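Report on one structure; see the data block that follows.
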Amino acid sequence: SKLAALFEHPLYNIPMPEVTEKDKLFIINPMEKFRLHSSRSDEWVSSSKAETLLPTGKTAYDTYPTWLKFHVGINRYELYPRRDPLLPMLLRDLATQRIISSVQKSGGTQLKLIMTFPNYGQALFKPMKQTREQETPIDFFYFSDFERHNAEIAAFHLDRILDFRRIPPVSGRLVNITKEIRDITTDKKLAKTFFISPAGNVCFYGECSYYCSTEHALCGKPDRLEGSMAALLPDKTLAKRRSWRSPWRRSYHKSKKAEWELNPNYCAQVRETPPYDRGRRLLDLIDMTILDFLMGNMDRHHYETFEKFGNDTFLLHLDNGRGFGTHSRDEPSILAPLQQCCSIKKSTYLRLQLLATQPYRLSDLLREALAADPLAPVLAEPHLRALDRRLGKVLAAVGDCLAR
């Protein structure tokens, strides 16, 4: 396994700072236990009278559902640890747990569903809109493209291979539209949008700002539909997140250009503006830029951080559905922050160099990681080959900066 060898490499074993209580997103009460409601129920209930050690010899933490252990493990430095034994279990839960509720997520330009499991875990479901072979038409603007369910899955694994670990776990899943959405939804607006197509397939389209209409309906075969299931982050009432507008945000206009596209010295003013004037924030943003360039994602207008940790924490790389839309061409403008600032973390640069070598070739690693997903093959081969080409361009950009 090239992936196992990669995670054993010294560059993937750089020590993390010590995590103190104030660096944890949640301080847990070791006396709080979760237990099954009854022998025939899958529901979890909280029992605050639990003893620290259970009769089985396990601690109360051991009774937590996997999603809750994931939330409890989040800290200032990472969303999940490098060697996280929870990860395979959480991915398996996302792919197999019984769905007891499906409602539409409000906001956004395209349909997404919040799905709830018996243990109170929740996932964000993005349905399949086009095949893996379909490239974004060359005349499409970046903001009018469809989101791809397979891009969300691939982005999570790529983010982990780059050792960023800033995307919540995502698994592919084949969903039964009839039994796992239509028959159990309590969302009346969503329920009204189901119909049977002339081909006899079950379809629905929901309500949203752009791509929710009978012309953009999602149809099963006859009621089976692929999608991505992303583990939800803790509710914002429990763990507030702050949304930041990216300094390199695009204009989202058909003819206007953003300031960074017109001013070659744009980075100088970003460096003088909080929170980019100190700490690791600018370097973290350049990490995100590299991830986006490798995926071909031009749609990074905002990013989020956990409010509890202030400015000294990682960026969350959410909403990656507009990645992996094209493999035959690259978008150099995505690398503008790296090229204009000529800054990169040494650890990131060394890992990128490693991923360009034969034993750790990036495309091979991502292919191996995606092979375990229920919807494999997740990416068409040309997308995997494009990764190696784009990685070469990132390293060339750093080389140009070093030469300057």
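Cβ coordinates come from backbone N, Cα and C, glycine included.
Per TrEMBL, these features apply:
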type     : residues                                                               : note
BINDING  : Gln110, Lys126, Glu147, Ala230, Ala231, Leu232, Leu233, Glu304, Asp319 : ATP binding site
BINDING  : Glu147, Asp319                                                         : Mn(2+) binding site
DOMAIN   : 194-403                                                                : domain 'FAM20 C-terminal'
ACT_SITE : Asp299                                                                 : active site
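Known features from TrEMBL, placed on the structure.
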| residue | record | contacts (Cβ under 8 Å, 6+ apart) |
| --- | --- | --- |
| Gln110 | ATP binding site | Lys129, Phe146, Glu147, Cys208, Tyr210, Tyr211, Cys212, Gly321 |
| Ala231 | ATP binding site | Trp67, Phe70, Leu90, Leu94, Gly121, Ala123, Pro168, Pro169, Val170 |
| Leu233 | ATP binding site | His71, Pro168, Ala239, Arg241, Leu316 |
| Asp319 | ATP binding site | Asp299 |
Among Gln110, Lys126, Glu147, Ala230, Ala231, Leu232, Leu233, Glu304, Asp319, which the record lists as binding ATP, the farthest-apart pair of C-alpha atoms sits at a distance in angstrom of 20
Would you pick out, from the recorded positions Glu147, Asp299, the residue whose Cβ has the largest number of other Cβ atoms within 10 Å?
Glu147
